[in-house]
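Remarks on the structure that follows.
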Amino acid sequence: MSTPRPEEHQKFSAAAALCPLSNCQFSGVVISAIADEQKLEFTNKYKGSCTLLCSYDSQGIVLRIVLDADREHVLKEYMIAADTDAAQMGRRSYAVTLESDNLVLRFASDQDQQLFRKVVENVKHLRPKSVFSQRTEESSASQYFQFYGYLSQQQNMMQDYVRTSTYQRAILGNAVDFQDKIVLDVGAGSGILSFFAVQAGAAKVYAIEASNMAQYAQQLVESNNVQHKISVIPGKIEEIELPEKVDVIISEPMGYMLYNERMLETYLHARKWLKPNGKMYPTHGDLHIAPFSDESLYSEQYNKANFWYQSAFHGVDLTTLHKEGMKEYFRQPIVDTFDIRICMAKSVRHVCDFLNDKEDDLHLIDIPLEFQILQTGICHGLAFWFDVEFSGSSQNVWLSTSPTAPLTHWYQVRCLLPMPIFIKQGQTLTGRVLLEANRRQSYDVTIDLHIEGTLISSSNTLDLKNPYFRYTGAPVQAPPGTSTQSPSEQYWTQVDTQGSRNSSSMLNGGLGVNGIGDGSMDITHGLMHPH
């Protein structure tokens, strides 16, 4: 291992102590290939000594080999995993089988060999599978961390003004909870929340990030000169070790419908590092559920499925797949936004208490429903949104994804019924929503609705992992039939009002048509929000 500058040594030592799978490098390594296993004959693998670059990966350690004389070009890349064969050879050498290559690594010092051996052993002989690994398919975890390793995806979240500004306001508005405190940032991503904690006066922030975004977070920490405040630790919170308990945990663990991606379980798991009476930001989440009526949305999905009802598509009969096509389209939750007036009853609220709920509580979430119907119509399904609260010592701050609040990158979610039900004002709609966690970091969502006092019911099971992103950016339209005045008369009344305001400009030479001045008219409110 090359002799590091004092600050580099400090960084590596801290990382090694906190997370054995952290990034590290070893220089001056001579790599030999085993030419004959029986005679133990070796040949030099590369001309000249090499540097081994080790970096954390969700599946183990990525080992990249470069020449000491040319670190720009990677000669070979391997994955050190739990099934990697390896053994110590003397005080400075280490034998390892990577893919089909049998290698002997001779290190520059005894210490380097010991450190590398610890890195390998921490992958090979780790503790049993972490809670995260037990509940998550390998392919799902790989895709998940790859997705959040892109700067573009971090940018998408950071540019959500409502999200980012609300977090900053909640943290800075409760500086007393952060001043001189130890903070844990779970799933830190770019580290933006860690920076907010430092702005609020935090003494130390441990920023945990399992994707490759950790390296970018480290760059931001160093370029902003806060490396003495923020320690970026690559890894999963379920697998890393911290040197101390923390006063506050911050995170942005919410997914679509609050629970998607199952990051909330990771957030709750992090409480093992929280001191008694410590703070959680956010503190609790409310999932809101309401029946809705939207003939346009239902018809859109139904007509898509009818593609498979063609009996002569280029001479081919597709009708045998119509039933499966219909099932697939209606298994998709719809991610978009809507006018809250499509909701037929006041929403039911299901609370998740981040300070007290257990991880297991989120494996099967059974939510009883009872709605007093406020308007007669056809119920096409259930609409979902969530609010989270930051309960601070100085003030409480809410982040809302309600259709009545400014739009966020979470939008809202709607689950359709394949068989809608007609229901009258004053009737009671009962049922349940069952969220059953799966190993794809999501949930199977079952909705079951029944009109009390009748035999009328409808149900559906949807795959929250496979939503339909319907949002187009177009303004939300008011539901049909909500105008209580003539929209035409409303328009012309507003035109007349604007015309009066612009009369002075016409007298000063402004052009007018039919008595309307050339001044700008704002008719959006009248069209989009009729009274």
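Placement of Cβ uses the backbone N, Cα and C atoms for every residue, glycine included.
Noted in Swiss-Prot for the protein shown:
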BINDING   GLN154, ARG163, GLY187, GLU209, GLU238, THR266  S-adenosyl-L-methionine binding site
DOMAIN    141-450  domain 'SAM-dependent MTase PRMT-type'
MOD_RES   ARG501  asymmetric dimethylarginine
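Here the features listed in Swiss-Prot are painted onto the structure.
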residue: GLN154; record: S-adenosyl-L-methionine binding site; DSSP (3 states): helix
residue: ARG163; record: S-adenosyl-L-methionine binding site; DSSP (3 states): helix
residue: GLY187; record: S-adenosyl-L-methionine binding site; DSSP (3 states): coil
residue: GLU209; record: S-adenosyl-L-methionine binding site; DSSP (3 states): strand
residue: GLU238; record: S-adenosyl-L-methionine binding site; DSSP (3 states): coil
residue: THR266; record: S-adenosyl-L-methionine binding site; DSSP (3 states): helix
residue: ARG501; record: asymmetric dimethylarginine; DSSP (3 states): helix
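For the binding-site residues GLN154, THR266, the greatest number of Cβ atoms within 10 Å around a candidate Cβ is found at THR266. Annotated pair GLN154 (S-adenosyl-L-methionine binding site) and the residue listed as 'asymmetric dimethylarginine', C-alpha to C-alpha distance, rounded: 47 Å. In terms of Cα distance, none of the binding-site residues chosen from ARG163, GLY187, GLU209, GLU238, THR266 sits within 10 Å of ARG501 (asymmetric dimethylarginine). Long-range neighbours of ARG163 (S-adenosyl-L-methionine binding site) (same chain, six or more residues apart, CB within less than 8 Å of its CB): MET157, GLU252, LEU399, THR408, HIS409. Mean pLDDT for the domain 'SAM-dependent MTase PRMT-type' (141-450) in this predicted model: 97.
When the binding-site residues GLU209, GLU238 are scored by other C-beta atoms within 10 Å, GLU209 scores highest.
Once Cβ contacts within 10 Å are tallied over all protein chains shown, the recorded positions GLY187, ARG501 are led by GLY187.
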